[in-house]
Amino acid sequence: MADAHAHTDHSGASHGSVGSYLTGFVISVLLTVAAFGIVMAHSFSPSGTIAAIAILAAVQVVVHLVFFLHMNTSSEQRWNVMAFAFTVLTVFVLVVGTLFIMHDTSINMMSR
Amino acid sequence: MAHDMTADAAHAHDEHHESPVVFGFWLYLMTDCIIFGTLFAVFSVLRTQFAGGPTGKDVFELGGVGIETAILLLSSITYGFGMICAHQNKVGALRGWLGITFLLGLGFLFMEIREFSHMVAEGNGPDRSAFLSAFFTLVGTHGLHVTCGLLWMAVLIVQTGGQTVLSERMTNKLTCLSLFWHFLDIVWICVFTFVYLMSVI
């Protein structure tokens, strides 16, 4: 994570270096290739595959946030991170709530 | 261009504090996240409602999706390299990287439009089933964002023309677009994982 602001001229500034972008890029390529590879190779059971690619996607999102959007724990970034955390919570409630309600409805309506 | 002469000026400009403009744009991106969250929720609910039509396995080609993913990921770091040049006031190099990013974005959009038109031509348009409606809405919204990002990038390439030192205002504009562009790549990670890959398992 320290790589994301390994910068010589400004100490607190958070705008990456060639090295940090390349690090993020290489990790992203590996994660993407792994996700496509797992699906195309059919090496896991369907539910195992879903879990595996969901985890790979989550890790890649974090990699992008750190290496490309330069999110970090510095005080300058505090409100960005707070806003992001609140958004993650909102999206979680939205998606999980929707799936739960629609699943429950379809069971009670006996549409499945 | 004589941009190398101004490389030293980078030390002079002080940007330890993030501009409120950039923070405001970040908040906009967070609301955009919620739009995409909603569309992903819709897609998840409707993903099995094929109405007798094709399933994801029938209509998605993973090869094309892989190339689109590679293009978008590459365009993320080319924009990043552009931002590094921007912070060093190398305007010529910045515009070069922006140009490369623009072409990559255009390539992505071209592939997406081709995929969509193939699907519609085969009768698998958004009107075929709830699954396809949700698919076109979600992926189309992402494509629309990429289109807006490209327009914005073209404007910035024109606006940075002939400048040797970037004003703080211009740097803020470039930073906002970089957040937007990287954000679109993050959304695409979720698209290729939860839409394409999960549909072909």
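Any Cβ shown, glycine's included, is placed from N, Cα and C.
Feature list (source: TrEMBL):
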- B:1-200: domain 'Heme-copper oxidase subunit III family profile' (DOMAIN)
- B:21-45: transmembrane segment (TRANSMEM)
- B:65-86: transmembrane segment (TRANSMEM)
- B:93-111: transmembrane segment (TRANSMEM)
- B:131-158: transmembrane segment (TRANSMEM)
- B:179-198: transmembrane segment (TRANSMEM)
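Packing against the transmembrane segment (B:21-45) from elsewhere in the chain are residues 134-135, 137-138, 141-142, 145, 172, 175-176, 179-180, 183, 187, 190, 194-195: each is 6 or more residues past its ends and has a CB under 8 Å from a CB in it. Remote same-chain residues near the transmembrane segment (B:93-111) are listed as 3, 64, 67-68, 71-72, 74-75, 78-79, 81-83, 85-86, 143, 146-147, 149-150, 153-154, 156-157, 160-161, 166, 174, 181 (criterion: CB distance under 8 Å, separation of at least six residues from the stretch ends).
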